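Listed in Swiss-Prot for this protein:
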type	residues	note
TRANSMEM	34-54	transmembrane segment
TRANSMEM	78-99	transmembrane segment
BINDING	His84, His183	heme b b562 binding site
BINDING	His98, His197	heme b b566 binding site
TRANSMEM	114-134	transmembrane segment
TRANSMEM	179-199	transmembrane segment
BINDING	His202	ubiquinone binding site
TRANSMEM	227-247	transmembrane segment
TRANSMEM	289-309	transmembrane segment
TRANSMEM	321-341	transmembrane segment
TRANSMEM	348-368	transmembrane segment
Amino acid sequence: MAPNLRKSHPLLKMVNNSLIDLPTPPNISAWWNFGSLLGICLVTQILTGLLLAMHYTADTSLAFSSVAHTCRNVQYGWLIRNLHANGASLFFICIYLHIGRGFYYGSYLYKETWNTGVILLLTLMATAFVGYVLPWGQMSFWGATVITNLFSAFPYIGQTLVEWAWGGFSVDNPTLTRFFALHFLLPFMIAGLTLIHLTFLHESGSNNPLGIVSNCDKIPFHPYFSLKDFLGFALMLFLLTALALFTPTLLGDPENFTPANPLVTPPHIKPEWYFLFAYAILRSIPNKLGGVLALAASVLVLLLVPFLHKSKQRTMTFRPLSQTLFWILVSNLFILTWIGSQPVEDPFITIGQLASITYFTIILILFPIISSLENKILNY
């Protein structure tokens, strides 16, 4: 009998083991779709980004008008730009849901997979930040100024660090040029890290909603889950297209329709919606260095989650107390997102500080305590 090329060819064999004959738990729910959706987001962003880069000029005097030119004069340029801008939002929606799934179902116990995932999140955030600066609108410029200025909070080397990042004494042409270079490079770094992430995942196999070993029950990925993934792709691309065609500017900032002007500060500087929770945590601390450390901690706290797992059960499926706490944490993140979009005045300052304290308290203190309590209740 002739050898099956899919199983014998050195390249096809790898594809086969990752996408076709991959043993998969039979009971994984739609929450396990977001990994592949993130893959589609990445491919979409790289393709639309490449097409945009062909018409973009990374120069302070031309950047804004080159984006306007793309939207007005390039064939379907408006569509490519809208897909790229809204694709970023969908990318973050998917990654936040993906992280939430991992948190709820204890997937973080695959430590290597989880840690590479956190590095991927940080890289994605960096990519989105430098990308937001490129259209060179008011919010692009002032967002870049405010966030890069945070490096000056580092003792002794701070100011040197900021000027080194800027390439001068303010956000100017060198800054824009290097941000464009980084925005072009980082997505390929994300693609490489994704392969490492998947390599670690396929070492252990997928987790499942029950959090139990399912080796004896596993089924091939194709056709069962490839079809399920395809449905996810269709739904997400439908949502992206609807967003790009009907309300392309819904998630953007109106300030960015004005070209960057270093002499006029916008009344309220704020990042895109997907960074608002971290921005609220940054602003809730009156000290500059403290704020920067809290901002870093808001994401890096994810690295501690595997070490704070005290429950004898892996997932939260049968742990109602932890479930309640999880949804309180989700609500708290929504509150932080809302606070980040509000001006710095009285009720919002206090609410932001309370929500920031709650965020860290839930993750670092309450989850381990509640998990231990549940162990006791269940006589473990």
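Backbone N, Cα and C define each Cβ position, glycine as well.
By the count of Cβ pairs under 8 Å, the stretch nearest in packing to the transmembrane segment (227-247) among 34-54, 289-309, 348-368 is 34-54. Across 34-54, 114-134, 179-199, 321-341, the stretch most heavily in contact with the transmembrane segment (289-309), judged by Cβ pairs under 8 Å, is 114-134. Proximity of the transmembrane segment (179-199) to the transmembrane segment (34-54) is established through 3 or more Cβ-Cβ distances under 8 Å for residue pairs spaced 6 or more apart. Counting Cβ pairs closer than 8 Å to the transmembrane segment (114-134), the top stretch among 78-99, 321-341, 348-368 is 78-99. Among the binding-site residues His84, His183, His202, the residue whose Cα lies closest in space to that of His98 (heme b b566 binding site) is His202.
Using a 10 Å radius centred on the Cβ of His98 (heme b b566 binding site) and all shown protein chains, the other Cβ atoms total 21.
For His183 (heme b b562 binding site), applying a Cβ distance below 8 Å and a minimum sequence separation of six or more within one chain yields Gly49, Thr127, Val130, Gly131, Leu134.
A simple way to gauge crowding: the CB of His202 (ubiquinone binding site) has 14 other CB atoms within 10 angstroms, across all the protein chains here. The two recorded residues, His84 (heme b b562 binding site) and His197 (heme b b566 binding site), have Cα atoms 24 Å apart. Under 8 Å, Cβ to Cβ, and six or more positions away along its own chain, His197 (heme b b566 binding site) finds Thr113, Thr116, Gly117, Leu120.
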